[in-house]
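Residues or ranges marked as signal peptide in Swiss-Prot (evidence: sequence analysis): 1-15. As annotated by Swiss-Prot, N-linked glycosylation site applies to Asn57, Asn74, Asn125, with the evidence given as sequence analysis. As annotated by Swiss-Prot, domain 'Peptidase A1' applies to 71-377, with the evidence given as sequence analysis. What Swiss-Prot lists as active site is Asp89, Asp270, and the listing cites sequence analysis. For Cys102-Cys107, Cys261-Cys265, Cys303-Cys337, the entry in Swiss-Prot reads disulfide bond.
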Amino acid sequence: MKWLVLLGLVSISECIVKIPLRRVKTMRKTLSEKNMLNNFLKEHAYRLSQISFRGSNLTIHPLRNTKDLVYLGNITIGTPPQEFQVVSDTGSSDLWVPSDFCAIEACSLHTRFRHLQSSTFRPTNRTFSITYGCGTVKGVVVHDTVRIGDLVSTDQPFGLSTAEHVSRCTPFDGVLGLNYPSISFWSTIPIFDKLKNEGAISEPVFAFYLSKDGQEGSVVMFGGVDHRYYKGELNWVPLIPAGNWMVHMDRIYIERNVIACSAGCKAVVDTGAAFIEGPKSQVDNMQKFIGARPRGSKYYVPCSVVNTLPSIIFRINSINYPVPGRAYILKNHRGRCYTTFKENQWSPSTEIWILGDVFLRLYFSVFDRGHDRIGLARAV
């Protein structure tokens, strides 16, 4: 489409403001030294975040990758601004960060919002509770000015956690939800919708490029698409239904053998999920097909066979999206190679797959709120 090309050209222009990407120490070594790596890997499927580049029509935020599990970037809240590292999550809709009132250990390890230091802070009497795969976050709903790079949302509703019953090893301060308002836990307008409604972004789209192998360069961009981050054309997939980043998937197969989703199924494109998740029986079938053996909570293969493993092909809207062995196998701190397929415990009675970062590192993704669709193309 012409406007995609034009926006890509705009992003290259001198009007973009670039904020340097800061490398974050990998979580793998830190957690391994404390014998907490297994718990972290088991509990956390989140990932990503933002800093900023700015063009007249396109805002780009670099993301920092920690251990190939979470991508972190910065937002600021309050006046004067207080900075937080957050996970940008298309699987949820709400923004929350720790409150200065939160005295438990999980909060004390992160930056906490000091509301008394913000002249634009506005409290409410509403409370919230959000349940994630890693635990529960509880707190109060408040309002203040939130900045994502040069994008500014005044009087933005968000959550201040007063209790976080999650792992104390999470490398992020909070979560920036980018899903539809319909799944908001506290039924307030999410930040992307508020920016869209106020005309702060030129097009109601955002997109992700996730770098591979711990490299720098991951970005989330708002208001347009920079074509330099993908090859070929974007393949558009309608949502089913509008209101959640979920699409129809035709099937999953290996070497012409259908191994899952044989009658069609649903797939959530989730930047907040680290791995690829599906029904237990079908995930077990995939593990068996590639010769993976269980050990503890994971499945392992000999590292010597990774480059010979077959690609797993996800067919979406009549387009094949192969994921090769080198993408779906990761190596732990002991040099052992494990698969990145997990049971989706959230929908045991329905065949729903979650396409997380393992998939999205290969495919540039565009989330188009204006047309209720997702665009996918091979990432550069």
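Using N, Cα and C of the backbone, Cβ positions are placed for all residues, glycine too.
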Integer mean pLDDT for the domain 'Peptidase A1' (71-377): 91
Of the recorded positions listed as Asn74, Asp89, Asn125, Cys265, Asp270, the one whose CA lies nearest the CA of Cys107 (disulfide bond): Asn74
Site with most surrounding Cβ atoms, counting all protein chains shown within 10 Å, from the glycosylation sites Asn74, Asn125: Asn74
Spatial neighbours of Asp270 (active site) among the recorded positions Asn74, Asp89, Cys102, Asn125 [C-alpha, 10 Å]: Asp89
Residue pair Cys102 (disulfide bond), Asp89 (active site) - Cα distance, angstrom, rounded: 23
Distance, Asp89 (active site) to Cys261 (disulfide bond) (CA atoms, angstrom): 25
Alpha-carbon spacing, Asn125 (N-linked glycosylation site) to Asp89 (active site), which is rounded to whole Å: 26
